[in-house]
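What Swiss-Prot lists as heme binding site is His83, and the listing cites similarity to another entry. According to Swiss-Prot, the topological domain 'Cytoplasmic' annotation covers 1-29, 89-103. If you look up Swiss-Prot, you'll see 56-67 marked as topological domain 'Periplasmic', on the strength of similarity to another entry. Annotation comment: Swiss-Prot describes 30-55, 68-88, 104-124 as transmembrane segment.
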Amino acid sequence: MTKIKQEIYNKRPTSPHLTIYKPQISSTLSILHRMTGVALFFVVSILVWWLILSKYDNNYLQLARCCIIKICLVAFSYAWCYHLCNGIRHLFWDIGYGFSIRAVNITGWCVVVCSILLTMLLWV
């Protein structure tokens, strides 16, 4: 590298490193929305397979009484409720509402609270 190129390269702005970056609610919820979407695809596939097997063998149906399976089903319910609520939030964004920083933060927390409440409503 020539001396001029080296000087230009050294003066370029650098991006903040991840260790000093504070995650925001919007970025965290965006990543969580993608993760729940992928997880729901696989979990629904497994649930359909499990339901088909339980039709032919009652032992698979007895698995639903296991505590670990119940915890997994509650986690699945939360992921589904979260993905639903955040999808509704995205629909409002698609029509042009809620793009201010304040609105994004408020609706983000509303999505988290509503998904918890919906999950509790499903299991109580």
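Counting begins at 1 with the first residue displayed.
The backbone N, Cα and C atoms fix where each Cβ goes, glycine too.
Just so it is clear, the model here is predicted, and its values are computed rather than measured.
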Query - Chain residues in Cβ proximity to the transmembrane segment (30-55) (below 8 Å; excluding those fewer than six residues from its ends, i.e. six or more beyond) - result: 61, 63, 76, 79-80, 82-83, 86-87, 90
Requested in this report: Have a look around the residue listed as 'heme binding site' and count the other CB atoms within 10 A of its CB, chains all included.
Outcome: 20
Query raised in the report: Can you name the far-off residues of the same chain, 6+ from the ends of the topological domain 'Cytoplasmic' (89-103), with a Cβ under 8 Å from a Cβ of it?
Result: 33, 110-111
Query raised in the report: What mean pLDDT score does the topological domain 'Cytoplasmic' (1-29) have in the model?
Result: 77
Report summary line: Same-chain residues at least 6 beyond the ends of the topological domain 'Periplasmic' (56-67) with CB under 8 Å of its CB atoms are 50, 73
Report summary line: According to DSSP, the residue listed as 'heme binding site' sits in helix
